[in-house]
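First comes the structure, then the notes that go with it.
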Amino acid sequence: MDSNYSSDATAGAGNSSVYDVHEAGDSGAHEARGTWKHAAFHVATTIATPAAYAPLPFAVASLGWPLGVTSLVGATLATWYSSLLVASLWKWDGKRHVTYRHLAESIYGYWGFWSIAFFQQVASLGNNIAIQIAAGSSLKAVYKYYYSDGVLSLQHFIVFFGAFELVLSQLPDIHSLRWVNALCTISTIGFAGTTIGVTIYDGKKIDRKSVSYSVPGSSTFKMFKAFNALGTIAFSFGDAMLPEIQSTVREPAKKNVYKGVSAAYTIIVLTYWQLAFCGYWAFGSEVQPYIVASLTTPEWTTVMANLFAVIQISGCFQIYCRPTYAYFEEKLLSSKTKPLFSVQKYFLRLAFTSVYMGLITLVAAATPFFGDFVSICGAIGFTPLDFVFPALAYLKAGRIPRDPKLRYLMLFLNITIATWFSVVAVLGCIGAGRFIVQDVKTYRFFHDM
């Protein structure tokens, strides 16, 4: 994706920087040491989380076989392509842009910086709220397996998980999480393998004649459910952190990230598609929003799946809270006239990470409507970052091939992706908004689901 392009790639190079430290080439940046394998671990941990693909059978069930399969396969290929586009923009203007928002600023200027900052925060906050709810649900399921009459509620386990994430939040950067994310990638495969195996096992035990694949409800209900499902699928491919990950990878960063992204998507295809289609086949339209809740026997395998989910989710949470941490560190440290000692920096970091974790934990405990958060987060946060911006930014940066046939093909493909997923974002918001209103009426705050 790097040769035979038109020469207007410097169009955005003269834009003024919001934070000058990120505009300069490599000056002041620590040396990147990550390999393509580390990139694969980070990308797989960011995207292929149980919180992302466990709702996919429910999403496919909400759309039915033809539209569900088409939507999932199309979204997989579109995000794979979009990720390669973002990776190819590394140093597109000769400068090293180490965050998504600074990459956007280099192409679109001030407006691009703050737009991406907004969408990234929505994606980060929404994703981590959904993750905490999923982690709390998994921990509670394990607890209930051993203590069926136990008194601890979902909210207790959300708080426990939040406390653990606060400890991990003291690690300095994404690269310091590489071994955590290697374990998380193994857990991703473990969760998928266990869940797919139990799903097939349960599906064979169910009377197949009793399984219905029709979408129940009125036409209006089906329509909103389909909208909600599109947002869920967009959420399942959420990767709003690729430039941050790429900044930790050694040169040649583009080739290493191409390899890392492709390796990660190989894992994603093997897990997402099998779980989504097997889950819908096994349980039909009765499949639960979180597939593990549909599994019954053998119970010990369900416990295994939940433990794998918690381990994997713990790493994903850390990846997504890093943009917020980086922003506060920039603002707080840049406002100091005198340099801070390491102990002062530690307590400052402990203070704002504690506030962040406290707020996320409070919202997750108060509104444990997992499926709704997944959909609205995918619609508002991840769709612009993972589908719309990469396609348009690549064209804006002047990276179009000179060959006329390839030029028109890329123009058509990128504009089609940006247009269609803009529509998906709107429809996903409508569907998720309706179900959130219904759930607020049905459940009370701090409901033990």
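Glycine is treated like the rest: Cβ placed from N, Cα and C.
In TrEMBL, annotation is done automatically, which means it is predicted and not curated.
Among the residue ranges 26-47, 180-201, the one that TrEMBL annotates as transmembrane segment is 180-201. Counting Cβ pairs under 8 Å to the transmembrane segment (407-437), the stretch among 65-90, 111-133, 145-168, 346-367 with the most such contacts is 65-90. Counting C-beta pairs under 8 angstroms (sequence separation of 6 or more), the transmembrane segment (263-283) reaches the transmembrane segment (65-90) with 3 or more such pairs. Of the candidate ranges 65-90, 111-133, 303-325, 303-325 has the most C-beta pairs within less than 8 angstroms of the transmembrane segment (180-201).
Long-range neighbours of the transmembrane segment (145-168) within the same chain, counting only residues 6 or more positions beyond its ends whose Cβ lies under 8 Å from a Cβ of the stretch, are 132-133, 135-137, 139, 177, 180, 299, 302-303, 310, 314, 317-318, 321, 353-354, 357-358, 360-361, 364-365, 368, 446, 448-449.
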